[in-house]
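Before any comments, here is the structure.
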Amino acid sequence: MEPSAREPLIKRTSSSYRTFPESAGKRLDREYLQSLHNKWLYLAVFVAVLGNFSFGFALVYPSPVIPALEAHPSPTLRLDQNTASWFGSVFMLGAAAGGLSAMVLNDRLGRKLSIMFSALPSAVGYALMAGAQGIGMLLLGRVLTGYAGGLTSASIPVYISEISHPGVRGALGACPQMMAVLGSLVLYALGKHQGTLPHVPSAPDCAAPAGLVLDWRWLAVAGEVPVLAMSVLLCFMPNSPRFLLSQGKEDEALGSLCWLRGKDTDYTREYEQIKDSVRKQSRRVSCAEIKDPFLYKPILIAGGMRFLQQLSGVTCILVYLQSIFKKTSVILKPEYDAALVGLVRLFSVAIAAVSMDKAGRKILLFVSAGVMLVSNLTMGLYIHFVPASQNGTIANKTLLSSANPFAEPTNYITLIPLLATMFFIMGYAMGWGPITWLLMSEILPLKARGVASGLCVVVSWLTAFALTQSFLLAVNTFGLEVPFLFFAVICAGNILFTGCCVPETKGRSLEQIEAFFRTGRRSFMR
(Lines of atoms letter the chains of each structure in order from A and count residues from 1; the text may use other names and numbers.)
(Lines give C-alpha, C1' and ligand atoms only; values in the text may rest on other atoms or scores of the structure.)
Protein backbone atom coordinates (compact mmCIF):
# COMPACT_ATOMS: atom_id res chain seq x y z
CA MET A 1 0.00 0.00 0.00
CA GLU A 2 1.27 3.47 -0.81
CA PRO A 3 2.21 5.74 2.15
CA SER A 4 -0.39 8.29 1.11
CA ALA A 5 -3.13 5.69 1.46
CA ARG A 6 -1.86 4.50 4.82
CA GLU A 7 -1.38 7.92 6.40
CA PRO A 8 -5.08 8.70 7.10
CA LEU A 9 -5.48 5.31 8.79
CA ILE A 10 -2.57 6.08 11.09
CA LYS A 11 -3.93 9.51 11.95
CA ARG A 12 -7.39 8.21 12.71
CA THR A 13 -6.05 5.60 15.13
CA SER A 14 -4.96 6.87 18.52
CA SER A 15 -1.48 5.72 19.51
CA SER A 16 -2.95 4.42 22.77
CA TYR A 17 -4.92 1.79 20.90
CA ARG A 18 -2.62 0.88 18.01
CA THR A 19 -2.01 -2.61 19.32
CA PHE A 20 -0.88 -3.86 15.90
CA PRO A 21 2.05 -2.32 14.04
CA GLU A 22 1.21 -0.80 10.71
CA SER A 23 3.58 -3.19 8.94
CA ALA A 24 2.01 -6.39 10.31
CA GLY A 25 0.78 -8.63 7.49
CA LYS A 26 -0.79 -7.50 4.22
CA ARG A 27 -3.50 -4.88 4.56
CA LEU A 28 -6.66 -4.95 2.47
CA ASP A 29 -6.67 -1.44 1.03
CA ARG A 30 -9.67 0.78 1.34
CA GLU A 31 -10.29 0.79 -2.38
CA TYR A 32 -10.87 -2.95 -2.33
CA LEU A 33 -13.16 -2.78 0.69
CA GLN A 34 -15.21 -0.03 -0.92
CA SER A 35 -15.59 -2.05 -4.11
CA LEU A 36 -17.17 -5.03 -2.37
CA HIS A 37 -20.85 -5.88 -2.73
CA ASN A 38 -22.13 -6.71 0.73
CA LYS A 39 -25.76 -7.64 0.04
CA TRP A 40 -25.14 -11.39 -0.08
CA LEU A 41 -22.87 -11.17 2.96
CA TYR A 42 -25.64 -9.39 4.86
CA LEU A 43 -28.12 -12.06 3.79
CA ALA A 44 -25.88 -14.87 5.02
CA VAL A 45 -25.39 -13.11 8.36
CA PHE A 46 -29.13 -12.49 8.76
CA VAL A 47 -29.94 -16.15 8.15
CA ALA A 48 -27.28 -17.28 10.63
CA VAL A 49 -28.39 -14.95 13.43
CA LEU A 50 -31.90 -16.37 13.32
CA GLY A 51 -30.27 -18.92 15.62
CA ASN A 52 -29.47 -16.12 18.07
CA PHE A 53 -33.06 -14.90 17.81
CA SER A 54 -34.22 -18.36 18.89
CA PHE A 55 -31.60 -18.34 21.66
CA GLY A 56 -32.88 -15.04 23.08
CA PHE A 57 -36.46 -16.29 22.82
CA ALA A 58 -35.65 -19.52 24.68
CA LEU A 59 -33.51 -17.84 27.35
CA VAL A 60 -36.38 -15.70 28.70
CA TYR A 61 -39.14 -18.23 28.00
CA PRO A 62 -39.62 -18.86 31.76
CA SER A 63 -40.37 -15.18 32.46
CA PRO A 64 -44.09 -15.29 31.56
CA VAL A 65 -44.41 -19.08 31.78
CA ILE A 66 -43.33 -19.75 35.38
CA PRO A 67 -46.18 -17.69 36.88
CA ALA A 68 -48.67 -19.47 34.64
CA LEU A 69 -47.37 -22.90 35.63
CA GLU A 70 -47.27 -22.07 39.33
CA ALA A 71 -51.00 -21.46 39.10
CA HIS A 72 -51.63 -24.46 36.82
CA PRO A 73 -54.60 -26.61 37.91
CA SER A 74 -52.80 -29.90 37.11
CA PRO A 75 -50.40 -31.04 39.89
CA THR A 76 -48.21 -32.78 37.30
CA LEU A 77 -47.42 -29.42 35.67
CA ARG A 78 -47.62 -27.12 38.67
CA LEU A 79 -44.25 -25.64 39.63
CA ASP A 80 -43.13 -25.09 43.21
CA GLN A 81 -40.22 -22.88 44.25
CA ASN A 82 -37.61 -25.57 43.68
CA THR A 83 -38.84 -26.76 40.27
CA ALA A 84 -39.40 -23.18 39.12
CA SER A 85 -35.77 -22.38 39.97
CA TRP A 86 -34.55 -25.38 37.98
CA PHE A 87 -36.88 -24.58 35.09
CA GLY A 88 -35.15 -21.23 34.78
CA SER A 89 -31.52 -22.25 35.39
CA VAL A 90 -31.23 -25.69 33.76
CA PHE A 91 -31.11 -23.90 30.41
CA MET A 92 -27.58 -22.75 31.28
CA LEU A 93 -26.40 -26.30 31.93
CA GLY A 94 -27.70 -27.25 28.50
CA ALA A 95 -25.88 -24.26 27.02
CA ALA A 96 -22.63 -25.38 28.64
CA ALA A 97 -23.11 -28.85 27.12
CA GLY A 98 -23.72 -27.19 23.75
CA GLY A 99 -20.45 -25.32 24.10
CA LEU A 100 -18.63 -28.58 24.83
CA SER A 101 -20.04 -30.24 21.71
CA ALA A 102 -19.12 -27.18 19.66
CA MET A 103 -15.48 -27.90 20.45
CA VAL A 104 -15.81 -30.97 18.23
CA LEU A 105 -18.59 -30.08 15.80
CA ASN A 106 -17.14 -26.72 14.72
CA ASP A 107 -14.04 -28.41 13.32
CA ARG A 108 -15.66 -31.65 12.14
CA LEU A 109 -18.89 -30.41 10.53
CA GLY A 110 -17.88 -26.81 9.96
CA ARG A 111 -19.48 -23.62 11.22
CA LYS A 112 -22.52 -23.67 8.92
CA LEU A 113 -23.45 -27.31 9.49
CA SER A 114 -22.97 -26.89 13.25
CA ILE A 115 -25.50 -24.05 13.22
CA MET A 116 -27.89 -26.16 11.14
CA PHE A 117 -27.43 -29.12 13.51
CA SER A 118 -28.49 -26.92 16.45
CA ALA A 119 -31.97 -26.70 14.90
CA LEU A 120 -32.62 -30.37 15.76
CA PRO A 121 -32.34 -30.18 19.59
CA SER A 122 -34.00 -26.77 19.53
CA ALA A 123 -37.03 -28.00 17.60
CA VAL A 124 -37.33 -31.13 19.76
CA GLY A 125 -37.00 -29.04 22.92
CA TYR A 126 -39.76 -26.65 21.91
CA ALA A 127 -41.96 -29.60 20.90
CA LEU A 128 -41.46 -31.22 24.32
CA MET A 129 -42.45 -28.02 26.11
CA ALA A 130 -45.42 -27.45 23.83
CA GLY A 131 -46.76 -30.95 24.47
CA ALA A 132 -45.53 -31.35 28.05
CA GLN A 133 -47.55 -33.66 30.28
CA GLY A 134 -45.24 -33.34 33.27
CA ILE A 135 -42.40 -31.34 34.76
CA GLY A 136 -39.83 -33.79 33.41
CA MET A 137 -40.78 -32.98 29.82
CA LEU A 138 -40.55 -29.25 30.58
CA LEU A 139 -37.07 -29.58 32.08
CA LEU A 140 -35.85 -31.78 29.22
CA GLY A 141 -37.19 -29.23 26.75
CA ARG A 142 -35.27 -26.49 28.54
CA VAL A 143 -32.07 -28.54 28.50
CA LEU A 144 -32.37 -29.19 24.74
CA THR A 145 -33.12 -25.56 23.85
CA GLY A 146 -30.20 -24.57 26.10
CA TYR A 147 -27.95 -27.06 24.31
CA ALA A 148 -28.92 -25.53 20.96
CA GLY A 149 -28.26 -22.06 22.36
CA GLY A 150 -24.79 -23.02 23.57
CA LEU A 151 -23.93 -24.56 20.22
CA THR A 152 -25.06 -21.49 18.28
CA SER A 153 -23.28 -19.19 20.76
CA ALA A 154 -20.00 -20.86 19.83
CA SER A 155 -20.64 -21.32 16.09
CA ILE A 156 -22.46 -18.21 14.82
CA PRO A 157 -19.89 -15.55 15.91
CA VAL A 158 -17.09 -17.61 14.33
CA TYR A 159 -19.08 -18.09 11.11
CA ILE A 160 -19.85 -14.37 10.86
CA SER A 161 -16.25 -13.40 11.60
CA GLU A 162 -14.86 -15.74 8.97
CA ILE A 163 -17.19 -14.67 6.15
CA SER A 164 -16.91 -10.93 6.91
CA HIS A 165 -14.22 -8.48 5.88
CA PRO A 166 -12.58 -5.86 8.15
CA GLY A 167 -14.78 -3.03 6.84
CA VAL A 168 -17.99 -4.43 8.34
CA ARG A 169 -16.87 -7.17 10.72
CA GLY A 170 -17.45 -5.05 13.82
CA ALA A 171 -21.00 -4.09 12.89
CA LEU A 172 -21.90 -7.61 11.77
CA GLY A 173 -20.27 -9.02 14.91
CA ALA A 174 -22.86 -7.17 17.00
CA CYS A 175 -25.75 -8.80 15.10
CA PRO A 176 -25.86 -12.01 17.20
CA GLN A 177 -26.34 -9.99 20.39
CA MET A 178 -28.87 -7.73 18.71
CA MET A 179 -30.96 -10.63 17.43
CA ALA A 180 -30.84 -12.34 20.83
CA VAL A 181 -32.24 -9.17 22.41
CA LEU A 182 -34.88 -8.95 19.69
CA GLY A 183 -35.88 -12.56 20.36
CA SER A 184 -36.32 -11.74 24.05
CA LEU A 185 -38.45 -8.71 23.19
CA VAL A 186 -40.71 -10.80 20.96
CA LEU A 187 -41.14 -13.32 23.77
CA TYR A 188 -42.05 -10.55 26.20
CA ALA A 189 -44.58 -9.18 23.72
CA LEU A 190 -46.21 -12.55 23.04
CA GLY A 191 -46.16 -13.41 26.72
CA LYS A 192 -47.56 -10.09 27.89
CA HIS A 193 -50.21 -10.78 30.47
CA GLN A 194 -53.72 -9.41 30.52
CA GLY A 195 -54.72 -8.86 34.11
CA THR A 196 -52.98 -10.24 37.19
CA LEU A 197 -53.31 -12.79 39.92
CA PRO A 198 -51.85 -12.53 43.40
CA HIS A 199 -48.08 -12.63 43.59
CA VAL A 200 -46.47 -16.05 43.59
CA PRO A 201 -43.35 -16.05 45.79
CA SER A 202 -40.97 -17.97 43.56
CA ALA A 203 -41.84 -16.37 40.25
CA PRO A 204 -39.25 -14.17 38.53
CA ASP A 205 -42.08 -11.80 37.57
CA CYS A 206 -43.92 -10.00 40.28
CA ALA A 207 -47.38 -11.02 39.18
CA ALA A 208 -48.74 -14.14 37.59
CA PRO A 209 -50.65 -13.70 34.36
CA ALA A 210 -54.37 -14.32 34.23
CA GLY A 211 -54.03 -14.82 30.49
CA LEU A 212 -51.26 -14.55 27.91
CA VAL A 213 -51.41 -13.20 24.39
CA LEU A 214 -50.27 -16.74 23.59
CA ASP A 215 -50.75 -19.68 25.92
CA TRP A 216 -47.45 -21.06 27.26
CA ARG A 217 -47.75 -24.07 24.97
CA TRP A 218 -48.27 -21.85 21.93
CA LEU A 219 -45.29 -19.74 23.00
CA ALA A 220 -43.19 -22.89 22.59
CA VAL A 221 -44.74 -23.50 19.17
CA ALA A 222 -43.88 -19.92 18.18
CA GLY A 223 -40.26 -20.64 19.11
CA GLU A 224 -40.14 -23.25 16.35
CA VAL A 225 -40.63 -20.66 13.60
CA PRO A 226 -37.17 -19.00 13.56
CA VAL A 227 -35.50 -22.38 14.08
CA LEU A 228 -37.13 -23.95 11.04
CA ALA A 229 -36.62 -20.82 8.93
CA MET A 230 -32.91 -20.77 9.79
CA SER A 231 -32.35 -24.44 9.00
CA VAL A 232 -34.05 -24.15 5.60
CA LEU A 233 -32.43 -20.89 4.51
CA LEU A 234 -28.93 -21.93 5.60
CA CYS A 235 -29.06 -24.66 2.96
CA PHE A 236 -28.63 -21.91 0.36
CA MET A 237 -25.83 -20.04 2.20
CA PRO A 238 -22.10 -20.70 1.65
CA ASN A 239 -19.77 -22.23 4.17
CA SER A 240 -16.85 -20.28 5.60
CA PRO A 241 -14.02 -19.94 3.02
CA ARG A 242 -11.47 -20.46 5.80
CA PHE A 243 -13.09 -23.70 6.93
CA LEU A 244 -13.34 -24.98 3.35
CA LEU A 245 -9.66 -24.25 2.78
CA SER A 246 -8.77 -26.04 6.01
CA GLN A 247 -10.54 -29.09 4.54
CA GLY A 248 -8.63 -28.82 1.25
CA LYS A 249 -11.71 -27.71 -0.73
CA GLU A 250 -10.07 -24.87 -2.63
CA ASP A 251 -12.60 -24.56 -5.46
CA GLU A 252 -15.50 -24.42 -3.03
CA ALA A 253 -13.65 -21.86 -0.92
CA LEU A 254 -13.02 -19.65 -3.94
CA GLY A 255 -16.67 -19.95 -4.99
CA SER A 256 -17.82 -19.09 -1.49
CA LEU A 257 -15.66 -15.97 -1.36
CA CYS A 258 -16.83 -14.97 -4.84
CA TRP A 259 -20.46 -15.26 -3.73
CA LEU A 260 -19.83 -13.22 -0.59
CA ARG A 261 -17.74 -10.44 -2.18
CA GLY A 262 -19.17 -10.18 -5.69
CA LYS A 263 -17.95 -11.57 -9.02
CA ASP A 264 -16.62 -8.26 -10.32
CA THR A 265 -14.34 -7.58 -7.33
CA ASP A 266 -10.67 -8.42 -6.77
CA TYR A 267 -11.54 -11.15 -4.27
CA THR A 268 -8.68 -13.37 -5.45
CA ARG A 269 -6.20 -11.23 -3.53
CA GLU A 270 -8.10 -11.78 -0.28
CA TYR A 271 -8.39 -15.46 -1.17
CA GLU A 272 -4.62 -15.80 -1.44
CA GLN A 273 -4.14 -14.14 1.94
CA ILE A 274 -6.63 -16.52 3.55
CA LYS A 275 -5.07 -19.50 1.79
CA ASP A 276 -1.60 -18.55 2.99
CA SER A 277 -2.86 -18.20 6.58
CA VAL A 278 -4.67 -21.54 6.47
CA ARG A 279 -1.59 -23.26 5.02
CA LYS A 280 0.48 -22.17 8.01
CA GLN A 281 -2.10 -23.74 10.34
CA SER A 282 -2.97 -26.91 8.42
CA ARG A 283 -2.16 -29.28 11.29
CA ARG A 284 -4.44 -29.81 14.28
CA VAL A 285 -3.42 -28.49 17.67
CA SER A 286 -1.23 -30.83 19.72
CA CYS A 287 -0.78 -30.78 23.48
CA ALA A 288 2.78 -29.49 23.09
CA GLU A 289 1.59 -26.53 21.01
CA ILE A 290 -0.69 -25.31 23.81
CA LYS A 291 2.45 -23.86 25.41
CA ASP A 292 2.91 -21.63 22.36
CA PRO A 293 1.89 -18.01 23.18
CA PHE A 294 0.33 -17.87 19.72
CA LEU A 295 -2.33 -20.27 21.05
CA TYR A 296 -2.66 -19.81 24.77
CA LYS A 297 -2.62 -16.00 24.89
CA PRO A 298 -5.70 -15.42 22.68
CA ILE A 299 -7.49 -18.36 24.36
CA LEU A 300 -6.82 -16.91 27.82
CA ILE A 301 -7.95 -13.46 26.69
CA ALA A 302 -11.19 -14.76 25.15
CA GLY A 303 -11.93 -17.08 28.09
CA GLY A 304 -11.11 -14.35 30.60
CA MET A 305 -13.48 -11.94 28.90
CA ARG A 306 -16.31 -14.51 28.95
CA PHE A 307 -15.63 -15.20 32.65
CA LEU A 308 -15.54 -11.52 33.65
CA GLN A 309 -18.58 -10.76 31.50
CA GLN A 310 -20.72 -13.16 33.53
CA LEU A 311 -19.18 -12.13 36.88
CA SER A 312 -20.28 -8.55 36.19
CA GLY A 313 -23.80 -9.74 37.13
CA VAL A 314 -25.71 -9.42 33.88
CA THR A 315 -27.37 -12.84 33.97
CA CYS A 316 -28.42 -12.50 37.60
CA ILE A 317 -29.85 -9.06 37.00
CA LEU A 318 -31.82 -10.21 33.93
CA VAL A 319 -33.09 -13.40 35.57
CA TYR A 320 -34.17 -11.70 38.81
CA LEU A 321 -35.00 -8.32 37.27
CA GLN A 322 -38.67 -8.27 38.28
CA SER A 323 -37.88 -9.37 41.83
CA ILE A 324 -35.14 -6.75 42.19
CA PHE A 325 -37.53 -4.06 40.99
CA LYS A 326 -40.18 -5.39 43.36
CA LYS A 327 -37.82 -5.23 46.31
CA THR A 328 -36.73 -1.67 45.58
CA SER A 329 -40.29 -0.55 44.67
CA VAL A 330 -39.36 1.19 41.45
CA ILE A 331 -41.83 3.74 40.21
CA LEU A 332 -42.99 1.58 37.34
CA LYS A 333 -45.57 -1.18 36.94
CA PRO A 334 -43.77 -4.53 36.99
CA GLU A 335 -45.31 -5.79 33.77
CA TYR A 336 -43.46 -3.11 31.80
CA ASP A 337 -40.03 -3.59 33.42
CA ALA A 338 -38.70 -6.40 31.24
CA ALA A 339 -39.89 -4.87 27.98
CA LEU A 340 -38.35 -1.49 28.89
CA VAL A 341 -35.01 -3.06 29.74
CA GLY A 342 -35.18 -5.08 26.52
CA LEU A 343 -35.69 -1.92 24.49
CA VAL A 344 -32.71 -0.29 26.23
CA ARG A 345 -30.59 -3.36 25.39
CA LEU A 346 -31.65 -3.31 21.75
CA PHE A 347 -30.93 0.42 21.42
CA SER A 348 -27.52 0.05 23.06
CA VAL A 349 -26.45 -2.91 20.92
CA ALA A 350 -27.42 -0.88 17.85
CA ILE A 351 -25.13 1.91 19.08
CA ALA A 352 -22.31 -0.60 19.52
CA ALA A 353 -22.87 -2.01 16.02
CA VAL A 354 -22.55 1.45 14.49
CA SER A 355 -19.58 2.50 16.65
CA MET A 356 -17.42 -0.62 16.71
CA ASP A 357 -15.77 -0.10 13.31
CA LYS A 358 -15.33 3.63 13.95
CA ALA A 359 -14.43 4.09 17.62
CA GLY A 360 -12.80 0.69 18.03
CA ARG A 361 -13.36 -2.22 20.38
CA LYS A 362 -11.25 -1.15 23.34
CA ILE A 363 -12.71 2.30 23.85
CA LEU A 364 -16.23 0.81 23.89
CA LEU A 365 -15.10 -1.83 26.40
CA PHE A 366 -13.69 0.92 28.65
CA VAL A 367 -16.88 2.98 28.47
CA SER A 368 -19.04 -0.11 28.94
CA ALA A 369 -17.20 -1.29 32.06
CA GLY A 370 -17.18 2.23 33.49
CA VAL A 371 -20.94 2.62 33.09
CA MET A 372 -21.57 -0.82 34.62
CA LEU A 373 -19.24 0.01 37.53
CA VAL A 374 -21.06 3.24 38.37
CA SER A 375 -24.48 1.60 37.96
CA ASN A 376 -23.72 -1.38 40.22
CA LEU A 377 -22.09 0.87 42.81
CA THR A 378 -25.10 3.21 42.78
CA MET A 379 -27.49 0.29 43.19
CA GLY A 380 -25.52 -1.22 46.08
CA LEU A 381 -25.18 2.08 47.93
CA TYR A 382 -28.87 2.90 47.37
CA ILE A 383 -30.03 -0.41 48.84
CA HIS A 384 -27.62 -0.06 51.78
CA PHE A 385 -28.34 3.55 52.78
CA VAL A 386 -31.97 4.18 51.81
CA PRO A 387 -34.20 3.04 54.68
CA ALA A 388 -36.69 0.28 53.97
CA SER A 389 -39.57 2.57 54.91
CA GLN A 390 -38.44 5.05 52.26
CA ASN A 391 -37.94 2.68 49.35
CA GLY A 392 -41.03 0.65 50.13
CA THR A 393 -39.34 -2.64 50.97
CA ILE A 394 -40.53 -4.82 53.81
CA ALA A 395 -37.23 -6.50 54.61
CA ASN A 396 -33.67 -6.26 53.35
CA LYS A 397 -32.79 -9.91 53.75
CA THR A 398 -35.07 -11.59 51.23
CA LEU A 399 -35.53 -11.16 47.51
CA LEU A 400 -38.46 -13.43 46.71
CA SER A 401 -41.06 -12.53 49.32
CA SER A 402 -44.80 -12.77 49.63
CA ALA A 403 -45.29 -9.02 49.70
CA ASN A 404 -48.35 -7.30 48.32
CA PRO A 405 -48.78 -7.60 44.53
CA PHE A 406 -47.91 -4.00 43.73
CA ALA A 407 -46.17 -1.39 45.79
CA GLU A 408 -47.32 2.16 45.29
CA PRO A 409 -44.17 4.26 45.62
CA THR A 410 -44.76 7.80 46.71
CA ASN A 411 -41.12 8.89 46.76
CA TYR A 412 -39.34 9.65 43.50
CA ILE A 413 -36.08 8.41 45.00
CA THR A 414 -37.26 5.01 43.81
CA LEU A 415 -36.30 6.14 40.32
CA ILE A 416 -32.68 5.52 41.31
CA PRO A 417 -32.73 1.69 41.08
CA LEU A 418 -34.68 1.84 37.83
CA LEU A 419 -32.22 4.28 36.24
CA ALA A 420 -29.23 2.41 37.65
CA THR A 421 -30.48 -0.85 36.16
CA MET A 422 -31.22 0.77 32.81
CA PHE A 423 -27.73 2.30 32.66
CA PHE A 424 -26.17 -1.02 33.64
CA ILE A 425 -27.98 -2.79 30.81
CA MET A 426 -27.08 0.03 28.44
CA GLY A 427 -23.41 -0.15 29.39
CA TYR A 428 -23.34 -3.92 29.07
CA ALA A 429 -25.13 -3.98 25.72
CA MET A 430 -22.85 -1.40 24.10
CA GLY A 431 -19.61 -3.10 25.05
CA TRP A 432 -19.11 -6.17 27.20
CA GLY A 433 -22.17 -7.84 25.71
CA PRO A 434 -21.51 -7.92 21.94
CA ILE A 435 -17.77 -7.18 21.86
CA THR A 436 -16.75 -10.18 23.96
CA TRP A 437 -18.43 -12.45 21.39
CA LEU A 438 -16.86 -10.55 18.51
CA LEU A 439 -13.34 -10.57 19.95
CA MET A 440 -13.65 -14.28 20.71
CA SER A 441 -14.21 -14.97 17.02
CA GLU A 442 -11.50 -12.50 15.93
CA ILE A 443 -8.50 -13.33 18.09
CA LEU A 444 -8.75 -17.13 18.34
CA PRO A 445 -6.33 -18.79 15.87
CA LEU A 446 -7.93 -20.71 13.01
CA LYS A 447 -6.41 -24.08 13.95
CA ALA A 448 -7.94 -23.88 17.44
CA ARG A 449 -10.95 -21.69 16.72
CA GLY A 450 -13.56 -24.44 16.86
CA VAL A 451 -12.29 -25.99 20.09
CA ALA A 452 -11.43 -22.71 21.80
CA SER A 453 -14.75 -21.02 21.01
CA GLY A 454 -16.59 -23.99 22.50
CA LEU A 455 -14.39 -23.80 25.59
CA CYS A 456 -15.20 -20.10 26.02
CA VAL A 457 -18.93 -20.83 25.82
CA VAL A 458 -18.58 -23.55 28.47
CA VAL A 459 -16.74 -21.13 30.77
CA SER A 460 -19.42 -18.49 30.19
CA TRP A 461 -22.46 -20.63 30.91
CA LEU A 462 -21.01 -22.58 33.83
CA THR A 463 -20.13 -19.25 35.42
CA ALA A 464 -23.63 -17.95 34.72
CA PHE A 465 -25.22 -21.07 36.23
CA ALA A 466 -23.07 -20.96 39.38
CA LEU A 467 -23.63 -17.24 39.88
CA THR A 468 -27.40 -17.43 39.29
CA GLN A 469 -27.80 -20.36 41.67
CA SER A 470 -25.76 -18.65 44.43
CA PHE A 471 -27.31 -15.19 43.97
CA LEU A 472 -30.38 -15.82 46.14
CA LEU A 473 -28.27 -17.46 48.84
CA ALA A 474 -25.99 -14.43 48.97
CA VAL A 475 -28.98 -12.08 49.11
CA ASN A 476 -30.64 -14.01 51.94
CA THR A 477 -27.36 -14.22 53.87
CA PHE A 478 -25.81 -10.79 53.37
CA GLY A 479 -28.49 -8.58 51.81
CA LEU A 480 -29.19 -7.44 48.26
CA GLU A 481 -26.56 -4.71 48.33
CA VAL A 482 -23.63 -7.15 48.69
CA PRO A 483 -23.98 -8.82 45.25
CA PHE A 484 -24.21 -5.41 43.56
CA LEU A 485 -21.08 -4.17 45.34
CA PHE A 486 -19.33 -7.40 44.28
CA PHE A 487 -20.43 -6.79 40.67
CA ALA A 488 -19.01 -3.26 40.91
CA VAL A 489 -15.60 -4.62 41.97
CA ILE A 490 -15.64 -7.05 39.04
CA CYS A 491 -16.42 -4.18 36.64
CA ALA A 492 -13.38 -2.32 37.95
CA GLY A 493 -11.39 -5.47 37.18
CA ASN A 494 -12.88 -5.46 33.67
CA ILE A 495 -11.36 -2.02 33.08
CA LEU A 496 -7.92 -3.22 34.17
CA PHE A 497 -8.21 -6.39 32.08
CA THR A 498 -9.17 -4.39 28.99
CA GLY A 499 -6.23 -2.03 29.40
CA CYS A 500 -3.65 -4.74 30.06
CA CYS A 501 -4.72 -7.69 27.95
CA VAL A 502 -7.21 -6.90 25.19
CA PRO A 503 -5.82 -5.98 21.73
CA GLU A 504 -7.49 -3.49 19.42
CA THR A 505 -8.68 -5.36 16.32
CA LYS A 506 -10.54 -2.59 14.52
CA GLY A 507 -9.79 -2.59 10.80
CA ARG A 508 -7.50 -5.64 10.95
CA SER A 509 -7.99 -8.80 8.95
CA LEU A 510 -8.06 -12.12 10.80
CA GLU A 511 -4.73 -12.94 9.19
CA GLN A 512 -3.16 -9.76 10.62
CA ILE A 513 -4.49 -10.59 14.08
CA GLU A 514 -3.03 -14.09 13.89
CA ALA A 515 0.30 -12.68 12.68
CA PHE A 516 0.39 -10.35 15.68
CA PHE A 517 0.03 -13.17 18.20
CA ARG A 518 2.40 -15.40 16.23
CA THR A 519 5.25 -12.88 16.10
CA GLY A 520 4.66 -11.31 19.50
CA ARG A 521 5.44 -7.84 18.21
CA ARG A 522 4.33 -5.10 20.60
CA SER A 523 3.28 -7.43 23.38
CA PHE A 524 -0.48 -7.64 23.99
CA MET A 525 0.20 -7.01 27.70
CA ARG A 526 1.00 -3.36 26.99
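From the backbone N, Cα and C atoms, a Cβ is placed for every residue, glycine too.
Residues 83-106 are the range that TrEMBL records as transmembrane segment, among 83-106, 299-322. Away from its own ends, the transmembrane segment (451-472) comes close to residues 85, 88-89, 92-93, 95-96, 98-104, 106-107, 150, 153-155, 157-158, 285, 298-299, 302-303, 306-307, 309-311, 313, 315-316, 319-320, 399-400, 440-441, 444-445, 483 of its chain (Cβ-Cβ under 8 Å, at least six residues beyond either end). Here the transmembrane segment (40-63) touches the transmembrane segment (139-160). Their Cβ atoms form 3 or more pairs under 8 Å, with each pair 6 or more residues apart. Beyond the transmembrane segment (113-133), the same-chain residues lying 6 or more positions past its ends with a Cβ under 8 Å from any Cβ of the stretch are 48, 51, 54, 58, 61, 76-77, 98, 102, 105-106, 140-149, 151-152, 154-156, 159, 217-218, 220-221, 223-224, 227-228, 230-231, 234-235, 239.
Most Cβ pairs under 8 Å to the transmembrane segment (363-383), among the stretches 139-160, 172-191, 484-502, belong to 484-502.
Outside the transmembrane segment (83-106), and at least 6 residues removed from its termini, the chain residues within Cβ reach (under 8 Å) are 58-59, 62, 66, 69-70, 113-114, 117-118, 121, 135, 138-139, 142-155, 158, 202-204, 315, 319, 449-458, 460-462, 464-465, 468-469.
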